[in-house]
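Asks: Just dropping this structure here.
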Amino acid sequence: HGTIAQLRAAASAASRVASRRRGAGASVFGGVASSRLVGERHFFAMSSHAVWSGNGHTILYAPFTYKSIVGPEHFWNPDKVHAFFAQHWSSSIYLALGYVVIINVMQRVMENRKPLSMKSVLLVWNGMLAVFSMMGTWRFGLEFYNMLTTRPFTDSVCFSVDPTGPASFWACMFAFSKIAELGDTLFLVLRKRPVIFLHWYHHAVVLVYCWHSAVELTAAGRWFIWMNYFVHSIMYTYYAIVSTGIRLPKRLSMTVTALQTTQMLIGVVISVYVLYLKLNGAVCQQSFDNLAICFAIYASFLILFSKFFNTAYLVKREKITTRKSTEKAE
């Protein structure tokens, strides 16, 4: 407990130093408390971290330097983007509500219309999201891999990515991409495909949560972001191939759903672990408000995805097997 108190005191002192630097005219990111805080090994197995302060927020992060900057990362302006999320994250709530309303209106508009094919559009759309997800898996994965192989596990859920580095760029692009992914539902409606509750609920709440998390750069988000990038790189590649008319084994779609369900299970476990750490006095870069939202969302996703997997694959397979057995008996 003495070590935890020392960590808290050090973090507080670093934050005050950052505030004094900003008061002296330093820019938001120029005024970062860059001195690393060295923590001893203790019950929670946490190590050193640094502190960034800006836009009314203090972020504890694990320093990591990329060997190279790639493509759009050159245009990354962390100051402006972080300020945007800090000031406008609540706009995601209105976007989510508008999304639900628009989808319902469009479904009524399409009731007496013929479904659109849109094969070429779907190929391009899913292909673009697949490539984007692959890039995110790779670039964000470099920081994630380094964290898992060079630091204690607890660091990966308590200390965020460097707010000024490429990993932060991909974290913010991840949040913005949740707006683009709303287009998935648009294509379902235009093709007059069923839009189940899990689909639109998933898109709506993930958008809001990601924008809320972008404000404080939630440390546990490191896990959620990389897992989602990885799963989506497979999922959108699958959708792109299927949109061309090629029929793939049903086992592949089962694998995608299984990966999504596993992702939700890991999300619940990590959320419970972070709550345990915080209740025991550990310093973690995730507010209780964000943690509560995260746990509620992942728990609901785990239930819904498990139910969907069971209904879509297990129950259906059982019915098919039963029908075949009956036909043979007859």
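Backbone N, Cα and C define each Cβ position, glycine as well.
According to TrEMBL, the record shows the following:
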TRANSMEM  92-110  transmembrane segment
TRANSMEM  122-141  transmembrane segment
TRANSMEM  167-190  transmembrane segment
TRANSMEM  197-214  transmembrane segment
TRANSMEM  220-242  transmembrane segment
TRANSMEM  254-275  transmembrane segment
TRANSMEM  295-315  transmembrane segment
Asks: Residues sitting near the transmembrane segment (254-275): Cβ under 8 Å, six or more positions beyond its termini, same chain?
Replies: 157-158, 219-220, 223-224, 227-228, 231, 234-235, 238, 284, 286, 291, 294-295, 298-299, 301-302, 305-306, 308-309, 312-313
Asks: Where else in the chain does the transmembrane segment (220-242) make close Cβ contacts, counting only residues six or more beyond its ends and a cut-off under 8 Å?
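Replies: Non-local partners: 122-123, 126-127, 129-130, 133-134, 136-137, 140-141, 143-144, 147, 156-157, 160-161, 170-171, 174, 213, 248, 252-253, 255-256, 259-260, 263, 266-267, 270-271, 274, 284, 286, 294.
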Asks: Would the transmembrane segment (122-141) count as touching the transmembrane segment (92-110), if touching means at least three Cβ pairs under 8 Å and pairs must be 6 or more apart in sequence?
Replies: no
Asks: May I ask for the residues of the chain that lie six or more residues beyond the transmembrane segment (197-214) and have a Cβ under 8 Å from a Cβ within it?
Replies: 82, 85, 89, 91-93, 95-97, 99-100, 103, 171-172, 174-175, 178-179, 181-182, 184-185, 188, 221, 290, 293-294, 297, 300-301, 304-305, 308
